Amino acid sequence: MIEVETIVIGSGPGGYVAAIKASQLGQQVVIIEKENLGGVCANVGCIPSKALISVGHRLEQTKYSDDMGILASVVKVDFVKVQEYKNGVVKKLVGGVEGLLKSNNVDVVKGEAYFIDANTVRVINDDSTQTYTCKNVILATGSRPIEIPTFNFTKRVINSTGALNLTEVPNKLVVIGGGYIGTELGSAYATLGSEVTIIEGGKDILSGFDKQMTQVVKKGLMKKGVAVVVDASAKGVEESENGVIVTYENGGEEKKVEADYVLITVGRRPNTDDMGLEEIGIEFADRGLLKVDQQCRTNLPNIFAIGDIIAGPQLAHKASYEGKVAAEAIAGKRSIVDYLAIPAVCFTDPELATVGYTEERAKAEGMEVKAAKFPFSANGRALALNAKEGFVKLVARKEDGLLVGAQIVGSGASEMIAEMGLAIEASMTVEDIALTIHAHPTLGEVTMEAAEALLHKLKIDATQ
Ligand SMILES: Cc1cc2nc3c(=O)[nH]c(=O)nc-3n(C[C@H](O)[C@H](O)[C@H](O)COP(=O)(O)OP(=O)(O)OC[C@H]3O[C@@H](n4cnc5c(N)ncnc54)[C@H](O)[C@@H]3O)c2cc1C
């Protein structure tokens, strides 16, 4: 039996950040990981998907820049090399996580963790079993793809991990589920040359985002030849050696679409089963998620849960943020979570990013707000980049101009949203943003212009 102060289970962006923070705050920490360090995010999520998306962007820029005077007659994709590039990016990042844990004195234990009681964890790996006793546990075991009963995963019925590891660019790809993972991967393969069909059960794809924004993305998908079918329900799949035929229902009719692969992205299930959590009396919320308080503490006071296994959007930076709060709570600090300034980004073409309230949600919650937009098409840098689609929309409280939300659709949205997150976190007003001098010519000026437009609507005089 080995005694430890704090055990972290899972080394994704929640777990490894929590482990480092706990160690920096004076805890003796062991992190347990059954697969690769870095979790879903580094190995089969955020990073490899963004590597493929970046390759697609580079290809598109090379192929379609004739209006900028670049005439590329032969542009080919060597997908084996693309995969080597992507795997290299993952390897470097995983090595970086390992280095960070080491330099912060966190011990890494390889194996699968199972609870004996609230203070005892058994770790099983291929050749041994070891038992640890501890004062505190941070659970960060993440999530895995949900399977649809009539679409069991096979060689050609794939999940996001399968899609990231294909050895060829499919001629045809069907994506079931138009959430951000399905839309990003569908868009990436369309850019790389696949004929893509997205089948979505709801009224629209990317349902969590503002409708005005998703329209811009849908236009971008159409330009790539992606077919988006909404209000459709996937019924079944016939698989042969060379492909699949997917049956779905849409508008009261049964339809079929052929493809090389069908990618299922209908959500992710928390990894909270098969590790003794029910047996030790942890309280669950619905769908396998764990119940926690504002410090990410479960009903068992020495066990914390963070990331994809608790409520809220399944995002890497949310997991890391919660990891820091849990580590601080263990160290006796009074930190609590505040989710308002957590951004969400979808790396489509163009990108979507949102932080804080949308105008619709603010109004639905009874807030009196005003909103204003400014288009990228009126920004010099966007024109120079040949990236004029999209806009920045800001939402502010009517009484005093306090910024409560921002939505950006356009080139660079994923980077630009950080400024708006900072402004919300620091309780800044629209006036503060309008008065912040942004370098010219930059995409950031669109934000400043949107702030000016909103000041005008709010009838606030920035010179007073
Ligand atoms: C294709 C794809 C793209 C994505 N893109 C983005 C993006 O761009 N931005 C973003 O913010 N999010 C993105 N996400 C979501 C993001 O990856 C997750 O929200 C994030 O990884 C959750 O972090 P986590 O620490 O909760 O868990 P995970 O990253 O899932 O890590 C959990 C770890 O726990 C380990 N584990 C599980 N059970 C045990 C056990 N019993 N014993 C030991 N170890 C165990 C697992 O092996 C895993 O390594 C993407 C996800 C996917 C699938």
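Every residue, even glycine, has its Cβ placed from backbone N, Cα and C.
Keep in mind that TrEMBL annotations are predicted by a computer and have not been checked by a curator.
Note that the structure is a prediction, hence the values are computed from the model and not measured.
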Which one of GLY96, GLY99, GLY267, GLY276 goes with GLY177, GLY178, GLY179, TYR180, ILE181, GLY182, THR183, GLU184, GLU200 at the NAD(+) site, as TrEMBL has it?
GLY267
For CYS46, which disulfide partner does TrEMBL record out of CYS41, CYS134?
CYS41
When you measure from each Cβ to the nearest atom of ligand 1, which of the recorded positions CYS41, GLY177, ILE181, THR183, GLU200 fall under 6 angstroms?
CYS41, ILE181
Find the average pLDDT over the domain 'FAD/NAD(P)-binding' (6-323) in the predicted model and report it.
96
If one measures from the C-alpha of CYS46 (disulfide bond) to the C-alpha of GLY177 (NAD(+) binding site), what distance in angstrom results, rounded to a whole number?
18
Roughly how many angstrom lie between the C-alpha atoms of GLY179 (NAD(+) binding site) and CYS41 (disulfide bond)?
17
Helix, strand, coil: count each for the residues of the domain 'Pyridine nucleotide-disulphide oxidoreductase dimerisation' (342-450), based on DSSP.
40 helix, 34 strand, 35 coil
